[in-house]
Amino acid sequence: MHEMSLCEGIRGIVEDQARRHGFSRVTRMRLEIGRFAGVEKAALSFAFDVVMRGSPAEGAVLEMIDLPGRAMCFDCAEQVELDDRLSPCPLCGGGRLMPETGDEMRIRDMEVI
């Protein structure tokens, strides 16, 4: 379950930011997760609760925001949204696509006190 290691990285960021900016608690965290990031949301939520114990983010509400997967189609020269990384172009049916977004995961923001 790589969601555990993802949350360990998030914890490191939270602890670093708490030291830098002097906050003691995170009450809410919003994560942006791309469609192709390979993150299982239920596993991430569970891992977040476990890994954040004893950190400023313990008990924080985790909100996950879905980001679409987009690719450039070389057959029709359009940027398209994909449901699956291996899907053909929804506009022309072409298969020559270069993924542009959808594999990212980032902290969008945190509410702190």
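Yeah, the Cβs are placed from backbone N, Cα and C, and that goes for glycine too.
Quick look at what Swiss-Prot lists:
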{"type": "BINDING", "residues": "His2", "note": "Ni(2+) binding site"}
{"type": "BINDING", "residues": "Cys73, Cys76, Cys89, Cys92", "note": "Zn(2+) binding site"}
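Cα of Cys73 (Zn(2+) binding site) to Cα of the residue listed as 'Ni(2+) binding site': a span of 31 Å. Across the fold, the C-alpha of Cys92 (Zn(2+) binding site) and the C-alpha of His2 (Ni(2+) binding site) stand 36 Å from each other.
For Cys76 (Zn(2+) binding site), the same-chain residues that are 6 or more apart in sequence and have a Cβ closer than 8 Å to its Cβ are Cys89, Leu91, Cys92, Gly94.
Within the same chain, the residues at least 6 positions away from His2 (Ni(2+) binding site) whose Cβ sits under 8 Å from its Cβ are Gly38, listed in sequence order.
Remark: of the binding-site residues Cys73, Cys89, Cys92, the most isolated position is Cys92 (fewest other Cβ atoms within 10 Å of its Cβ). Report note: the Zn(2+) site is defined by Cys73, Cys76, Cys89, Cys92, and the residues of the same chain whose CB lies within 8 Å of the CB centroid of those residues, excluding them, are Phe74, Asp75, Ala77, Glu78, Val80, Pro88, Pro90, Leu91, Gly93, Gly94, Leu97.
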